[in-house]
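The annotation GTP binding site is assigned in Swiss-Prot to 166-173, 191-195, 213-216, 284-287, 329-331 on the grounds of sequence analysis. Residues or ranges marked as Mg(2+) binding site in Swiss-Prot (evidence: sequence analysis): S173, T193. Here Swiss-Prot flags 33-43 as compositional bias 'Gly residues'. The feature domain 'Obg' is assigned by Swiss-Prot to 1-159. Under the heading domain 'OBG-type G', Swiss-Prot lists 160-348, citing sequence analysis as support. Here Swiss-Prot flags 20-46 as region 'Disordered'.
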Amino acid sequence: MKFIDEAKIEVAAGKGGNGATSFRREKFVPRGGPDGGDGGKGGSVWAEADENTNTLVEYRFVKRYQAKNGEKGHGSDRYGAGADDIVLKMPVGTLIRDLDTGETVADLTYHGQRVCLAKGGKGGLGNIHFKSSVNRAPKQSTPGEEGEARSLQLELKVLADVGLLGMPNAGKSTLITAVSAARPKIANYPFTTLHPNLGVVRIDENHSFVMADIPGLIEGAAEGAGLGHRFLKHLSRTGLLLHVVDLAPFDETVNPAEEALAIINELRKYDEELYGKPRWLVLNKLDMLDEEEAQTRTAAFLEAVGWDYPKPDDRFQFDMETPRLFQISALTHQGTQELVHQINQYLTEKKRIEAEKAEAEKAAANVEIIEQQPKTDTGVFKPE
């Protein structure tokens, strides 16, 4: 299936049914009172996050979604039937914006999340509601309300804990295959990966994380060159980036350091926030080099890119600040277990810190609410 991560659609809820104007007609009751029922509600349009839906391709072909109108009211105080709602299944990670206002309508972040995109109109009132002591035979009823209508922009940003970044053919797809059950297409030529691939990396029964592999970047990606620029947005929700570098390119004229610096430059030009995300360096394809050559190339590469970070100190607590360096072979799995182990440690510590921060903010908000409450004089003796 073709990977589609953007679409524009129109949604329109149904109109409420009109209320009925009707009077009782029974034998021996020549002047029966009003008995017009209310109209039914119009159908609404909902978006629902579905973990089994992976692309927005359906919304490229069907552009408009119109819910049905509610049924009009009937005599004998019978209400009109409400129209069925429409539920649009969308991938988890879909961001929905109103094209006219720019407002974010919904951010679908978990399976089963449901958001109303267009609310159906209320049914009109039948004339039974307008009976009074001065008007025993009202002919008044109200029409149903119009349903909401919107033009929407759908944008899919995959949800992953870790994102792989690098030039085409750096070995990102091989890495995600080595550490997860994902099976992306792998071949010895650039741009084998044409859309994001997700892989779940399982550490044990209780710990796992999601890794995203996007098409490789090339110089000029921020301006639209190559394929990767379309998918950089998918890295915006990740908590950690792995910059994968081919340390043993087949083309001897290729300079890994220059390519790595070009990637960093493209990242900065595309989005400062994305550039500022925690980023670890992964030197790949060590299986192509003997030990001495690997050490020589690694030292030359680190000097060329200005890597002068100390080795992280994890003796007392996992070091969250210092960028990390890994030397691996995704093909032979050399070094990959240590890599995923440290990623898991990082993500676990990150979640703990975020939970503590959220708890502290909640406590501070509660204190502020208490301080803002008006003080009363209850229980204070005030002699007259």
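First residue shown is number 1, and so on along the chain.
Using the three backbone atoms N, Cα and C, a Cβ is placed for every residue, glycine included.
S173 (Mg(2+) binding site) is 13 Å away from K285 (GTP binding site) when you measure Cα to Cα. Listed in sequence order, N284, K285, L286, D287, M288, G335 are the same-chain residues at least 6 apart in sequence whose CB falls under 8 Å from the CB of S329 (GTP binding site).
Taking the Cα atom of each, G166 (GTP binding site) and S173 (Mg(2+) binding site) are about 11 angstrom apart. DSSP assigns S329 (GTP binding site) to a strand in the three-state reduction. With DSSP classes pooled into helix, strand and coil, the tally for the compositional bias 'Gly residues' (33-43) is 0 helix, 1 strand, 10 coil. Within 10 Å of its Cβ, the residue among the binding-site residues N169, S173 with the fewest other Cβ atoms is N169.
The secondary structure of K172 (GTP binding site), as reduced to three states from DSSP, is helical. All chains included, 24 other C-beta atoms sit within 10 angstroms of the C-beta of K285 (GTP binding site). For the domain 'Obg' (1-159), the predicted model reports an average pLDDT of 88. Note on K172 (GTP binding site): other Cβ atoms within 10 Å of its Cβ, all shown chains, come to 31. There are 25 other CB atoms within 10 A of the CB of G166 (GTP binding site), with all protein chains counted.
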